[in-house]
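Pulled from Swiss-Prot, these are the listed features:
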MOD_RES   A2  N-acetylalanine
MOD_RES   S8  phosphoserine
MOD_RES   S24  phosphoserine
COMPBIAS  68-82  compositional bias 'Basic residues'
COMPBIAS  83-92  compositional bias 'Basic and acidic residues'
MOD_RES   S88  phosphoserine
MOD_RES   K100  N6-acetyllysine
CROSSLNK  K100  SUMO2 cross-link
CROSSLNK  K112  SUMO2 cross-link
CROSSLNK  K118  SUMO2 cross-link
CROSSLNK  K118  SUMO1 cross-link
COMPBIAS  158-169  compositional bias 'Low complexity'
CROSSLNK  K171  SUMO2 cross-link
CROSSLNK  K178  SUMO2 cross-link
COMPBIAS  248-271  compositional bias 'Basic and acidic residues'
MOD_RES   S278  phosphoserine
MOD_RES   S292  phosphoserine
COMPBIAS  294-303  compositional bias 'Basic and acidic residues'
COMPBIAS  304-315  compositional bias 'Basic residues'
COMPBIAS  342-367  compositional bias 'Basic residues'
MOD_RES   S356  phosphoserine
COMPBIAS  395-408  compositional bias 'Basic and acidic residues'
COMPBIAS  415-429  compositional bias 'Basic and acidic residues'
MOD_RES   S431  phosphoserine
MOD_RES   S437  phosphoserine
COMPBIAS  438-497  compositional bias 'Basic residues'
COMPBIAS  518-535  compositional bias 'Acidic residues'
MOD_RES   S519  phosphoserine
COMPBIAS  562-581  compositional bias 'Low complexity'
MOD_RES   S565  phosphoserine
MOD_RES   S576  phosphoserine
CROSSLNK  K593  SUMO2 cross-link
CROSSLNK  K659  SUMO2 cross-link
DOMAIN    687-1003  domain 'Protein kinase'
MOD_RES   K717  N6-acetyllysine
ACT_SITE  D815  active site, proton acceptor
MOD_RES   S852  phosphoserine
Amino acid sequence: MAATEPPSLREQPEMDDADNSEKSVNEENGEVSEDQSQNKHSRHKKKKHKHRSKHKKHKHSSEEDRDKKHKHKHKHKKHKRKEVLDASDKEGLSPAKRTKLDDLALLEDLEKQRALIKAELDNELMEGKVQSGMGLILQGYESGSEEEGEIHEKARNGNRSSTRSSSTRGKLEITDNKNSAKKRSKSRSKERTRHRSDKRKSKGAVEMMREKANRSKSKERRKSKSPSKRSKSQDQARKSKSPTLRRRSQEKVGKARSPADEKIKSEEKGKIKDRKKSPIVNERSRDRSKKSKSPVDLRDKSKDRRSRSKERKSKRSEIDKEKKPIKSPSKDASSGKENRSPSRRPGRSPKRRSLSPKQRDKSRRSRSPLLNDRRSKQSKSPSRTLSPGRRAKSRSLERKRREPERRRLSSPRTRPRDDILGRCERSKDASPINRWSPSRRRSRSPIRRRSRSPLRRSRSPRRRSRSPRRRDRSRRSRSRLRRRSRSRGGHRRRSRSKVKEDKFKGSLSEGMKVEQESSSDDNLEDFDVEEEDEEAVIEQRRIQRQAIVQKYKYLAEDSNISVPSEPSSPQSSTRSRSPSPDDILERVAADVKEYERENVDTFEASVKAKHNLMTVEQNNGSSQKKLLAPDMFTESDDMFAAYFDSARLRAAGIGKDFKENPNLRDNWTDAEGYYRVNIGEVLDKRYNVYGYTGQGVFSNVVRARDNARANQEVAVKIIRNNELMQKTGLKELEFLKKLNDADPDDKFHCLRLFRHFYHKQHLCLVFEPLSMNLREVLKKYGKDVGLHIKAVRSYSQQLFLALKLLKRCNILHADIKPDNILVNESKTILKLCDFGSASHVADNDITPYLVSRFYRAPEIIIGKSYDYGIDMWSVGCTLYELYTGKILFPGKTNNHMLKLAMDLKGKMPNKMIRKGVFKDQHFDQNLNFMYIEVDKVTEREKVTVMSTINPTKDLLADLIGCQRLPEDQRKKVHQLKDLLDQILMLDPAKRISINQALQHAFIQEKI
């Protein structure tokens, strides 16, 4: 019961208490003095000032203003104290007697009123007397004012047995009230609309606003001296106290109900509430009646009025709905879909949004009593919830009614935005910002209506029970702030990002970019159509870009029969217009499968076809390539290097038959820690070694058959027996397990690890069998020529999928090159292997020699922090090599590597150079590149300072070379050139992302 007691009663200052006690005495004697109502009014005004100054606090008001406020406040306080003292001198009654008389009369009153109201309700129910909507509204105003007049009169007179003069005065007041209420409500609404339009015209003119506020204040003060001031103050009290207005605003947003249903429900509700009342409450209210105009009285009045006004509202809301859409477009733009009167709509100023988190939390708790009152009531009264069917129906009606306005508002360019707005609304407040933006309809989503989060539920009773007067004031000041806030659209958008919290974290498909989300939600949130600002331009450009992406997507879909097209209507999904990463992955995977089916035996034929396209002139370029090859392979720390027939290996006796060299039986490990492999031996009692594949920095690899698995072929990688290599081997084992667990269906083209074991103190890893690596493929089929564009496209798709999996597992491979990419027998499927250099993305130690040199990204060379971009760079270099058969950057040193990269892309950005730890090795103090080369004659190092480096290497010419390409292939080569340009950006921040690469035309469009 204590929860229903408004905390405002507790919060009011002491002098208010004294003031109120004086008033209750006057009420008992049936005399309501002029200065009392004036007093009441001035108190009301004082509070209002207080509230405004609270808001102005955020607006950095000047010292003069503050002093003025202070003086004003003190003047009122002094005035009040004097009045209170005078009044208390006049009165001589003991407080105890006063209370008893007052409260007995009140209780008696209330009982009789309840009986009267019930009878009235029953009569109305029987007769169903009210028909027309306008009549209803008028009647609502009349009956409301009548009740108010009567009830206040009774409360003031104390007993029913008081003199006749008081009743006549009551009648006069009733008529007075009727007229004044009508006139005042009309004039006020007019004033408000005029006020609002004025303020919109003079955006940012705060001084003007202040003057207006002062003017309106003085007017009200003048009014308070007029004879009808008593009825006015009553009317104001009614406005703030009765929940009917609050309910009406709720009804506007809510659904129209049948009046009959409404009456029955209201009766039931009335009964329940009456039953709940207990003597304890009355006891408590008795004590409180000294301090305020008996809150029990007010509460009961409001309850009765609430039940009576329900049936009026149901029809009234219909009429309001009809009227509202006829507002001016500008008004619509500002108020969004929620067309309420300004005093009633809880808006949020941008200032509120940019509060500190703590303040924001507090203000959120205390803010919008209306909204929360409505929420708490909805959750508490089951009678108020509609069936989902009816709710949906009325919602669709509402939407139809709103559609023409939206069309009128949106210019042709902003139409996609409207679609998305519609979609956002349908997605039931998918973005957390929706909750706070004034342009959103608040009680639209059925989810919110049905249930509230426990936090909000626990908070709402506190918010609900706020003093009616303060509620009224806060509502007014909020509307004032909202009007001002329109001039600060830009600020609102900037500050909104601070409030943002990811409510639906993980609901989007993985890999979806955060930037895309925020741009589709944030920028489209509440967009002023009139303002053509920076945000609008950016937004339109984004939409145009998306349209281009869509165009490519549909082109791809036309040729891609195997993949079902994504629903194209923007309303069908809450995602951004571009296809989701998962859809892209599916499409690419399907492409790879199709390529595998179609090209089982065509690999060699396609390579020969490419050879035939080349002209005879090519031969003179091959000698240079041969010179580079040894350098390339000395760098090779590959587990499958096709180099195992070297003199060193033969000298070590590796690969010889077991019987030929029986001395090796006891000596399993050579001087460098490599395992001495013997053909025919059995490892771990099950793997029968039948062939030797090769040797890398960390290990050597053998082919074997698994006796335990029906002689299934496997590859066994035997790690070198030394501490560092063992450590590296265990790390690789960990990463492989992680990758395999993340890809149970083997869609992402990373090598599968079957198991591991130890053999003669060597860690052995058992892999799926694959025939050769891409270095061998290039050597065998595409020496100096490269592979067919079809094969390169398929390989690039598979490599990007592998990168996608690595990123999901937060792993950097850090050694991608043709040597570490294995292919199957038909050369259609590839797998990324050798995770010996891999690391977790967070453990990226800065070292200038990470990754094989030709595939090393510039950020590694200059010692800048790096991430997934280094693997993307390596893939770019590999793709170029696969198509041309030539190494893209065959640098002899890191310095030479930088020079070659800048020959292709121009000078490295200064911003990037400054971040490099090793920048001084390659750049001088003015950030000019120092090219270090060896003089051919003197064989001494010479340094050439290059302030500007212009791109001289033509990628397209290198890709096409001397080929006479048919049109379809030429188009694909142009696309490959475009993709490589984006992959090989010197600044990793500007480099293409994996998702973008998967959406690139080269990947998406078939040949």
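Yeah, the Cβs are placed from backbone N, Cα and C, and that goes for glycine too.
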Of the recorded positions listed here (K112, K717, D815), which is spatially closest to S852 (phosphoserine) when Cα positions are compared?
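Of all the candidates listed, D815 is nearest in space.
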Please give me the CB contact count at 10 A for S852 (phosphoserine), counting all chains in the structure.
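Its Cβ shell of radius 10 Å holds 21 other Cβ atoms.
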Cβ distance under 8 Å to K100 (N6-acetyllysine), same chain, sequence separation 6 or more: which residues?
none
Closest of the recorded positions to K717 (N6-acetyllysine), Cα to Cα, picking from K112, K118, K593, D815?
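For K717 (N6-acetyllysine), the spatially nearest of the recorded positions is D815.
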Find the average pLDDT over the domain 'Protein kinase' (687-1003) in the predicted model and report it.
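Value for the domain 'Protein kinase' (687-1003), mean pLDDT as a whole number: 96.
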According to DSSP, which kind of secondary structure is S852 (phosphoserine) found in, if we only use helix, strand and coil?
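For S852 (phosphoserine) - judged by DSSP and reduced to three states - the answer is coil.
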Count the other Cβ atoms sitting within 10 Å of the Cβ of K593 (SUMO2 cross-link), across every protein chain shown.
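The answer is 14.
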How many neighbouring Cβ atoms, not counting its own, are there within 10 Å of the Cβ of K118 (SUMO2 cross-link)?
16
Among K112, K118, D815, these being the recorded positions, pick the one whose CA is nearest to that of K593 (SUMO2 cross-link).
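Of all the candidates listed, D815 is nearest in space.
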Quick check for the class: what is the C-alpha distance, in angstrom and rounded, between K112 (SUMO2 cross-link) and D815 (active site, proton acceptor)?
90
Return the residue, from the listed recorded positions K112, K717, with the maximum count of other C-beta atoms within 10 angstroms of its C-beta.
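Counting every other Cβ within 10 Å of each candidate, the maximum falls on K717.
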Once the DSSP letters are reduced so that anything not helix or strand counts as coil, what is K717 (N6-acetyllysine)?
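Assignment for K717 (N6-acetyllysine) reads strand.
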How many Å lie between the Cα of K118 (SUMO2 cross-link) and the Cα of D815 (active site, proton acceptor)?
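Approximately 85 Å lies between the Cα of K118 (SUMO2 cross-link) and that of D815 (active site, proton acceptor).
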So if I draw a 10 Å sphere around the Cβ of D815 (active site, proton acceptor), how many other Cβ atoms end up inside it?
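Looking across every protein chain shown, the total is 25.
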Using DSSP with the three-state reduction, classify K118 (SUMO2 cross-link) as helix, strand or coil.
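Going by the DSSP assignment, K118 (SUMO2 cross-link) falls within a helical segment, counted as helix.
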